[in-house]
Amino acid sequence: MVRILNTKQIKALDAHTIEHEPVKSIDLMERACRAFVNWFVQRIDATKKIGIVCGTGNNGGDGLGIARMLHDWGYPVKVWIVRGLVPESADFKTNLERIKGEPEIADIITESDKGLFTDRDVLIDAIFGSGLSRPADGIYAQAIRCMNETDAMRIAVDIPSGLLADNPSSGDIIKAHYTVSFQIPKLAFFFPHSHPFTGEWTTVDIGLHKDFIRQSETSHFLVTAKDITRIIRPRKRFDHKGTFGHALIIAGGYGKMGAALLASAAALRSGPGLLSVHVPKSGYTILQTALPEAMASIDTHEHFFTEAPSLEKYSTIGIGPGIGQEPATVKALAQVLANFKAPLVIDADALNILGVNPELMKRIPENSILTPHPKEFERLAGKWDNDFQRLEKQKRLASELKCVVVLKGAYSSIATPDGKVYFNPTGNPGMAKGGSGDVLTGILTGLLAQGYSAEETALAGVYLHGLAGDIGSREKGTFSLIATDLVEFLPQSFKTVLNKF
Ligand SMILES: NC(=O)C1=CN([C@@H]2O[C@H](COP(=O)(O)OP(=O)(O)OC[C@H]3O[C@@H](n4cnc5c(N)ncnc54)[C@H](O)[C@@H]3O)[C@@H](O)[C@H]2O)[C@@H](O)CC1
Ligand SMILES: Nc1ncnc2c1ncn2[C@@H]1O[C@H](COP(=O)(O)OP(=O)(O)O)[C@@H](O)[C@H]1O
Ligand SMILES: [K+]
């Protein structure tokens, strides 16, 4: 689990490392510069003309150190220093002295200094780092705009200048193609509206104290492969189908029987002992033909879900994909929520029904998993002004319902009833297609049936689903990947995670 710390904590972490390693502040900066340069030289050809735009705080100090190192590597480097009101930090001064005439340095001192960087192939942004406390304005905003106007590849040091790590941002912000961040990912990196500024981001290790990181209080985490390997239990010699639970999927409707098939196929590939699928009458032949391993439970209605079967024998239920929102379906969902006391997985139309029938929300069993995409989430929780507010709403919903709320998208976030949020790293835009969510519902239902907790199920299920998408898109490409492929690559996804140790 990677702990996502706020800027105050990162500052304290820097200070702790300086005091207890001990290491001089300037030497820690040198380490940060070296880590950046190490990333850089592996990707950028030494013939490219590099421009480094520095502020006068420590982020600018990094920029100067990076300039010296890239010059030593043989890159043609030019440095600009944005001279606004920020006082020169001690380490900035030291790194300025260390440059000794080469590479060439120019000061940007007035807002009329425009069109400065046009001959550069690559621009490194070291104006502001995690010290930014308000929107960039004046000469800083001007320098940011100037950088954004060029055709150069832009690479941000630690965080794009102008982007706040822990709060919504406004004003001019560097539009980086890449962000190389020091050790700790910033919360803003996980949000859709930050992406045009961070571009592709990565973290580089600069040896900040691991114990201090471990002890820092946070409710935000980034999931790693190791976490999932720890969750998934290998099956034992004498295990039998009774060990792994009986899952029920309630899904599908006339014209949307595919949703039931996708969810059910994914559930079957996720390991429950038994799977039953409740579909309208018109789905009977389709289901029995497509998925011989699944048992059919048939609704009395030809075309949609109107009546839950007897539920006692099921360990869990996954409900929602393709069920529609007919009044009889609303009643049938209410009946399921009234009669089933164990955690279930609620998705798609079941969420939409809850959105317009909020009184049903109170009936959701504790530790259930809700899997809205942003539109479904808006129907449940209302509109938001920015991504940070959306996250707060997600946390609140999880805590009020005492459920796990999975908000789907890039870096799907998983909010738990006790206030934690896990961001998932797997998945790709190839999965932005109808049916991908149905597959996730199936995986989660299959895992929950086997006795994994709601939190374990959500962490593992979301990770494995995204990983299946990543493995699948390597073979099929992001344009051609379809939801069926996610099911096809699910076995490889499980195998990858199980073979980690
Ligand atoms: N020992 C350390 O603290 C390390 C720091 N490092 C670098 O230091 C950066 C943080 O440096 P600083 O704390 O000096 O801060 P920055 O260099 O990000 O910003 C400089 C100063 O600008 C001022 N400021 C904030 N917002 C402003 C605005 N909108 N307009 C004008 N001025 C504004 C603040 O007083 C801030 O301290 C990190 O992002 C990282 O790049 C790295 O060298 C690693 C080690
Ligand atoms: N750009 C992306 N990066 C990572 N995962 C994505 C991306 N786009 C979509 N996904 C994943 O694909 C799934 C889409 O689900 P959903 O929107 O419910 O689709 P549907 O309802 O059509 O099945 C989610 O799990 C989501 O996280
Ligand atoms: K920066």
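The count begins at 1 with the first shown residue.
For all residues, glycine too, the Cβ spot is worked out from N, Cα and C.
TrEMBL annotations: computationally assigned, not manually curated.
Among the candidates G430, G434, G435, G437, the residue that TrEMBL annotates alongside K408, G409, A410, Y411, S412 as binding AMP is G437. Listed by TrEMBL as binding K(+) are D125, S161; the candidate from N58, N59, N95 that the record includes in that site is N59. Close to ligand 2, meaning a Cβ under 6 Å from one of its atoms, are these of the binding-site residues S133, Y140, K408, G409, A410, S412: K408, G409, A410, S412. You'll find the Cα of N58 ((6S)-NADPHX binding site) roughly 31 Å from the Cα of A410 (AMP binding site). It is 26 Å from the Cα atom of G409 (AMP binding site) to that of S130 ((6S)-NADPHX binding site). Between the binding-site residues G322, G437, the minimum number of other C-beta atoms within 10 Å of a residue's C-beta occurs at G437. Taken in sequence order, the binding-site residues N59, S130, S412 that lie near ligand 1, meaning a CB under 6 Å from one of its atoms, are N59, S130. Listed in sequence order, the binding-site residues among S161, G409, A410 whose CB lies under 6 angstroms from an atom of ligand 3 come out as S161. Proximity to S161 (K(+) binding site), defined by a C-alpha to C-alpha distance within 10 angstroms, is shown by the following binding-site residues from G61, S133, Y140: Y140.
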